[in-house]
Amino acid sequence: MKQAKKALAVATSLLVATQSVTPAFAVSARNAAAGLDATNPAGPAANARVMQANQKPAPTKEAVEAARATMQQAEKKAAEAAEHVKQATEHDADAAATLKKKQQALNEAQENLKKTPAVDAAAHKTKLEAQQLAQQDVKAAEHNKEIAAGKLADAAKASVAAHAKVDDAKKQLSELQKQQEELKGKLSAAEKTKTQATKNLEEVKREAAQRLQNAEKAKREKHDELVGKQTEAGQQQALITKTEKELADATQRIAELAKTIAEKDQKIQELNKQIANLKTQKKTIDSALATFKQGLDEAEAMKNRNPSPENIATYNIAKSWYDDKKKAQDKNIQDTQRAEEELRARTAERDAANNDLPQARLDEKTKKEGLAAAKTKLKSLRQQVERLQKEETDLKTTLDDAKAADEASIEESTQELEEATDALDTIRESLRDVNTKVQDLTHDLPTLIAKAERAERKHKDDKRIDTEAQKAINEAKVRLAQATADLQSLELQKQKHADALKAVDTATAAVTEAQTRKTRAAEELAETKAALANVQADLTRARQIYTELEAAYQQHLHDQQSGDAKASHKRAHKAQKAAPKHMKAAAKKSGKNLPKTGDSFVAGAFDLIAFAGAGLLGASRFAAKRNKQDN
């Protein structure tokens, strides 16, 4: 706005600077400049500039300079407008690039979302349960390890103590052992072999008996369970049979009630029709009876006045007719009463059947539901029976196989024991004399040795159990680590899916914002191009006016030097004719002709005020709008 006001001031000063105009014309010019209408060049300013002047002024140097300054100002505004167009073009290109980049990011986010599916809740639950079970396995294995470690420590102490006792006995019998070393070795080996064989046989028999007992118990329990299920299935079948009969009875009951209702309805309709007919008959009979009563009264009156045979016969006939109709009336009334009583009875029977029908249908529905439930349960029981029969067959097969295997093991162990016993008897026969001398020590020593060996074996067994317990801990921890890794993998997948969803939402918002910026940038570019076109048009006009003023001023100086005033007047008139078309149109619209003198230069100044005010005001408005958008 400041630039537009400055342009107006420059153009106004151009008018004031023309020293050769009359005072009255100068006042009119100033008044026109004060009331400038930038959108209507043919308004007050155009009217003022075509006023007839008493003098024929020529352009001055100040007017030319003012026109040059206005043209330079227009050039500056055109350059600024071009710079605005350049900036708007760059802004539009940046917005387009940003939109393309944001759209590409959205496409990538959507593609990434497709590659990161959501985590199934059931799978997550399964992995979580697997981790919990693995944690329980670790705790149980650690507990077993503690127990095994305690037993191992006790077995180590017992083994050390037993071996210490054996060493003491051996020291006492060192001399005897030297003499009987070979035989004692054989004896000890034979005793160990027999002891182990005996232990093995007892262990095999005990285990076989325990397995047989357990298998027989399992078989009995399975058989009892099977019999129970079969019994329950039989009971369920009986219940189904009973329910089916009750359902059939209930269905028949509904059919009978429906039939009863239909029959009673039909009977009620017939009775209603019969009653209506009887009532219609009664009206006819009542009418006839009244007529016969009147005839009877007349015949009786005639008989009383003249009891002639003819009148008496007439009376008797009338009396007979009247009595017949009276009897018909009484019969009609009785028939109507009987029909109404039967109608009430049939209606009561129909209503009773209607009242019983909902309960009968409810009973049928209940029986159907019970039957369906019973059949479902029977199907389940039959499936259980089939499963139990198969399991019983499998147990029998397993039991037979176990019996055969146990018998073979017992026979083999018995054979080993017999062989060990024979070997031991042979050695004892050879050592009987030597054993007499060392009976006490030899009696204790084998026992001590056996205890030490058992303690050592127990120590080894406990050590093996302890090692296995540690191995179980390690394996349980490996399973726990795997389950934890699987669960963490699902959690990571779940987080990735959430992140992908969030990325899509963020990218979508960014694309929307980029599209808004691109639209705003395109609008801004169009506005800057329009403003540039306007400013360039104004610049063309300013240059034209300046060129004309400069040429006229130079010609005026030349005329002054040559003293040829007449030639100056002609050239001024020629310059007037060469004025821009819009100046002529404005003058024609005002109803006046252009002045034939140098007033055309003054008119050009007024036009300069008009286009400078309009063009520069538009440029300043756009600059203000651009500044507002930037802020």
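Even glycines carry a Cβ here, placed using N, Cα and C.
Taken from TrEMBL, the feature signal peptide covers 1-26.
The average pLDDT for the coiled coil (64-116) in the predicted structure is 91. Taken from TrEMBL, the feature coiled coil applies to 64-116.
Annotation source TrEMBL lists region 'Disordered' at 183-233 (among others).
The compositional bias 'Basic and acidic residues' annotation in TrEMBL covers 183-227 (among others).
According to TrEMBL, the region 'Disordered' annotation covers 324-371 (among others).
Residues or ranges marked as compositional bias 'Basic and acidic residues' by TrEMBL: 324-353 (among others). Here the compositional bias 'Basic and acidic residues' (324-353) has Cβ contacts under 8 Å with residues 257, 260-261, 264-265, 267-268, 271-272, 274-275, 278-279, 281-282, 285-286, 288-289, 292 of the same chain, all six or more residues outside its ends.
Look at the compositional bias 'Basic and acidic residues' (361-370): DSSP puts its residues at 10 helix, 0 strand, 0 coil. According to TrEMBL, the compositional bias 'Basic and acidic residues' annotation covers 361-370 (among others).
The region 'Disordered' feature in TrEMBL is assigned to 392-418 (among others). With a cut-off of 8 Å between Cβ atoms, the residues of this chain six or more beyond the region 'Disordered' (392-418) that come close are 194, 197-198, 200-201, 204-205, 207-208, 211-212, 215-216, 218-219, 222-223, 226.
Marked as compositional bias 'Basic and acidic residues' by TrEMBL: 392-406 (among others).
Per DSSP, the secondary structure of the compositional bias 'Acidic residues' (408-418) breaks down as 11 helix, 0 strand, 0 coil. Annotation source TrEMBL lists compositional bias 'Acidic residues' at 408-418.
Residues or ranges marked as region 'Disordered' by TrEMBL: 558-594 (among others).
Residues annotated as compositional bias 'Basic residues' in TrEMBL: 568-591.
What TrEMBL lists as transmembrane segment is 601-619.
Residue counts for the compositional bias 'Basic and acidic residues' (183-227) under DSSP (helix as H, G, I; strand as E, B; rest coil) come to 45 helix, 0 strand, 0 coil. A Cβ distance under 8 Å defines the sequence-distant neighbours of the compositional bias 'Basic and acidic residues' (361-370), meaning residues of its chain 6+ beyond its ends; these are 243, 246-247, 250-251, 253-254.
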